[in-house]
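To start, the structure itself, in structure tokens.
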Amino acid sequence: MGERKVLNKYYPPDFDPAKIPRRRQPKNQQIKVRMMLPMSIRCNTCGTYIYKGTKFNSRKEDAVGETYLGIQVFRFYFKCTRCSAELTFKTDPQNNDYIVESGASRNFEPWREEDEKRKREAEEMGDAMKSLENRAVDSKMDMDILAALEEMKSMKVEAVLGYYSEFPVDTMFNIIYVRSD
């Protein structure tokens, strides 16, 4: 019974570890891994929310040519729990985070926005030029949002007018007159 618990093995004097044949693996081999989802996401195909901590089987591979200060970036492939669409995300060692690549979108995380605000305020604290640049970027984004909103409003008005242009004037008058009473 005691011989089964031996930790040290006998190596003969003529043993040469260099003679042991090694199996060469391809550079970008995918490995099956059981893991937990590191963030909450929403599938773009079916709209299912997949929450942080959900366990699933995934395939892991090295992102070829992507490193950060010598740290290898990994890409993970997994399937949606409802529709089996393939979703991918990869590691982001620069920000200690993950990036959703395809098939899903990351849910809004309020603490992430607060961290970005704090970082931005600390960055602007001593640099007036950076503060001015950030305000210019914010105003440009606000202008773009307003322009898109105006375009959507005009499209809606055109759709409504196009719908009512099929009716004769008498019918339009009756519709307006009856609704006002």
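The backbone N, Cα and C atoms fix where each Cβ goes, and this holds for glycine too.
Caution: TrEMBL annotation is automatic and unverified by curators.
In TrEMBL this protein carries:
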- CYS43, CYS46, CYS80, CYS83: Zn(2+) binding site (BINDING)
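Features as recorded by TrEMBL, highlighted on the structure.
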residue: CYS43; record: Zn(2+) binding site; CB count, 10 Å: 20
residue: CYS46; record: Zn(2+) binding site; CB count, 10 Å: 12
residue: CYS80; record: Zn(2+) binding site; CB count, 10 Å: 21
residue: CYS83; record: Zn(2+) binding site; CB count, 10 Å: 12
Chain-mates of CYS43, CYS46, CYS80, CYS83 with C-beta within 8 Å of site centroid, Zn(2+): ASN44, THR45, GLY47, THR48, THR81, ARG82, SER84, ALA85
